[in-house]
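As recorded in Swiss-Prot:
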REGION    1-190  region 'Enoyl-CoA hydratase'
SITE      GLU118  site 'Important for catalytic activity'
SITE      GLU140  site 'Important for catalytic activity'
REGION    308-703  region '3-hydroxyacyl-CoA dehydrogenase'
Amino acid sequence: MSEQKAFSLNVDEQNIAWLAIDVPNEKMNTLQAAFADEMKEIFAQLKDSSGIKGMIIHSLKPDNFVAGADVRMLEACTTANEAQALAKQGQELFQQLSDLPYPVVAAIHGPCLGGGLELALACDYRVCTDFDKTRLGLPEVQLGLLPGSGGTQRLPRLIGLLPSLDLILTGKQLRAKKAKKLGVVDACVPDTILLDVAKQFIDKGKNKGKKKQSTKEKLMSGSGLGRKLVFEQAAKKTNQKTRGNYPATVAILEVIQHGLEKGFAQGQELEAKRFGELVMSSESKALRSIFFATTEMKKEHGTDAQPAAVKKVGVLGGGLMGAGISHVTVAKAKVPVRIKDVSNDGVLNALNYNYKLFEKQRKRRILSKADLQAKMLQLSGGVDFTSYNHIDVVIEAVFEDLDLKQQMVADIEANAKSETIFATNTSSLPIHKIAEKAERPENIVGLHYFSPVEKMPLVEVIPHETTSDETISTVVALAKKQGKTPIVVKDKAGFYVNRILAPYMNEAAHILLANEPIEKLDGALLDFGFPVGPITLLDEVGVDIGAKIMPILVNELGERFKGPDVFDILLNDGRKGRKSGKGFYTYKGKKKEVDKSIYKLLKLTPESKLSDNDIALRCVLPMLNEAVRCLDDGIIRSPRDGDIGAIFGIGFPPFLGGPFRYMDQFGLKELVEKMNEFASKYGDRYAPCDGLLTRAGEGRTFY
């Protein structure tokens, strides 16, 4: 039996060559180094075939073109030179494609990303479908890399410098119509006529006219001076976002500029060189580990039980969390939702919240007016339990009050089916206590979302001791359909994310009360790689929420969670954070600035004494210590889950790979030494936990 191949070539009676891509035993087409020999065979066949009029490259997969290069092959590289050789191999193959003497058309249906788009860019024309899953982009930067098979050179020459920089530096993915508008593709058509339209492009011949440039593009990148300005501005803007933590962005700018100034061949040469270096960088290795972890997690259900089908969801509470949960259920999971609130106003607020989010998508032409109406028809609500006897999963998002949540359990058990799952979105109450009076405790589980629900990618799934395996697997499957990455955590105070966040926030308060200025404190953690500083985070979450959660953690987990007494002082002065217009900062619209009167209120005289690095480490080390305790206490199932939880739940710097990967990189022995040094200076709260001491002493790592 002959071995299945990823590429097959046929020439039809019209002398059009059809190159079909179908990677065997894989759901998605990805490009692999092992395919190089196949491609060489294809080129040899093409050379031997006379009279070919043109070639169309298409996929035999039902819903994807090429999702990118197979990232796994980078893990086999032990040196930058090996990775550079991979890039060069890709460049050479695509150059051969580009050099064919007849027109080549890429017929794209579904994702066309990374190496897939680089393949398409090497063709003369690109035609794509208007299918919802058709996406085009070069997302390599999100793995700490740059496009290594000609993407940095071909895209700017096709669509111009300004839009190319935006696409390559962000890794954003374009929908089909936007790709057509930018000139990435030449046509966007229904999938039923994709191949017919591709054939029409063969008749246009090999030499395609250059894309017409906008006046702005001509002015900004048409001259050496304009280009210099563009690159300076792009570097400045990018550095403001990355704060120097992502070397790939610097390399991208350098390689594109080099190619435009020195020519295509030299541009490709530097592209391959920088690609090789980036593959071996700690930042890319960390970002790739996140990619592998999330890919693994997509295949897991939390237990071995099969998830039950979820055809309708109920949401209790029409507040911010309830509205967000209902939105991801309808928009992403495509499951209808019934919202129950104590007042009609609450239901209307949730419906209005959803309408505004869908309307934003309509304005961006992601949804049509008919799509918007269809989505809104999937949402209904009321003040009673009408139709709750048809609901499979109820997600409770009411006020954080134990009696109220227990009452919700009783109401659902009285009004829903016996197998209906009750998932509580509590952030601080133990799940076993919410389930204490339940008739069917096996149906009760924690499902902790993060705010704003439609943006935050993590959800914590918290079974209590008698939660059934089917309940766990069903809510894990639902969370994934909602576009979330779920981690299963143990039912203990703070669960995982809030438990590791608390010591970090407490330490920020200690530093503030030692007179460090607020902007210095926040800036140090931004430079470390967090998306927002700890003081800003407290304002965003709400000082009142912090005041509620901290005492619970102290009560359940001990004095190490006791922070400085600042909450009452702030709340008595009406400072709840952004939602009340002032906290540590004052807020006017989207603008915020440090409220200088806070220093007087807290009897402080701001004066910068600590280095940025010391501030960052003082906040981060207690978080790392607590993460190890969570692993050893069984709160999280693995270092992998702990890393993903911290990155997706609180924005731990992705380029560090998460708390556990960062500790391995830091060195556990060195980490223990640093903690002991801080413990002698600032107190026992820095003393390394037993798990850290043991691992450091035995020379072990987490991975």
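Keep in mind that glycine also has a Cβ here, set from the backbone N, Cα and C atoms.
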Exercise for review: List the Cα distance (Å, whole number) between GLU140 (site 'Important for catalytic activity') and GLU118 (site 'Important for catalytic activity').
Suggested key: 11
Practice item. Measure from the Cβ of GLU118 (site 'Important for catalytic activity') and count the other Cβ atoms within 10 Å, all protein chains considered. Key: 28
Exercise for review: Inside 10 Å of the Cβ of GLU140 (site 'Important for catalytic activity'), count up the other Cβ atoms and send me the figure.
Suggested key: 28
Review point. Hey, does DSSP put GLU140 (site 'Important for catalytic activity') in a helix, a strand, or just coil?
Key: helix
